[in-house]
Amino acid sequence: MGDRITHLTKLDQTVLKWLADVQATVMKRIQQKVTVETKSNYRDLVTNIDREVEQYYVSAIRMFDPHAKILGEEGFGDQVKDMKGHVWLVDPIDGTMNFVKQKSEFATMLAYFEDGKPVMAWIMDVAQNETIHGGPDYGVYLNGQLMSKQVDSQLATGLVILSGARLLYEEYGFSEIAKSALGYRVYGSAGISFMHVLKGQANAYASYMKPWDYAAGMILSQSIGLKVGTIDGTPVNVLLSSVILTATQGTFDDIMVLEAKL
Ligand code: 2AM
Ligand code: CA
Ligand code: CA
Ligand code: CA
């Protein structure tokens, strides 16, 4: 076990250095001209910074872990078909619209698996220079400070964070969840949303997400004792997009009761 912790500590320190590099570069580049393009539709934005950061991660991972497979949103990694061996999931800029319009409330995320087993994850709130990092055998840290498990809570007593589009179009029972909670919030970044739940500021976060949107948040949530699952109760397959719910146990159960009534 001592060897395992040494190995995880080295991994953590290595990735934290990459994150410090990315943080400094992104906050400098954000003051210069950012090239914004659209992908699948006019609201689906990508910038030169999203691409540059992903390329940085891909070359850093290749150097550190040459046999690893990398699944990155912007496509500079590999075609990952299974979770065998070392697999990294990368979201270079999460909340690109916030990045472009607010220059705040966007994240950068990495998740690392060995033979399908969650090992370590990192979510950085880039503008705040705040990172939540850790894993199931390592503990969960906020900027290097061990985080404690939150107290359990019910849906009616706290905030839930939801995807704006799903709420607006009343999909997946999101409006029922919002009505049953004390209050609801929409942040426009999966990473920032996960951070709020990890810190105990919200009871739950639910959104339709792609693998790189939720892989890191899922690992950190499970490692701190939060419940993570798909909203329809099917097992999570981290290579597939689905509606993922992360919540305290009590709130998770309350939301699943609502979902069963839909
Ligand atoms: P992105 O900025 O990395 O694309 C915004 O609502 C949140 O949802 C962000 O975390 C954003 O990630 C993600 N997102 C954007 N488009 C999405 C889509 N079509 N499906 C799922 N998540 C999406
Ligand atoms: Ca995107
Ligand atoms: Ca994302
Ligand atoms: Ca992204």
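The backbone N, Cα and C atoms fix where each Cβ goes, and this holds for glycine too.
Those TrEMBL annotations? Automatic predictions, nothing curated.
Binding site for Mg(2+) 1 per TrEMBL: E73, D91, D94, plus D213 from the candidate set D213, D232, D253.
Apart from the site residues E73, D91, D94, D213, the chain places the Cβ of V90, P92, I93, M109, A190, G191, K210, W212 no farther than 8 Å from the centroid of the site's Cβ atoms, the recorded Mg(2+) 1 location.
Within 10 Å of its Cβ, the residue among the binding-site residues E73, D91, D94, D213 with the fewest other Cβ atoms is E73. Cβ neighbour count for I93 (Mg(2+) 2 binding site): 28 (other Cβ atoms within 10 Å of its Cβ, all protein chains included).
DSSP assigns D94 (Mg(2+) 1 binding site) to a strand segment in the three-state reduction.
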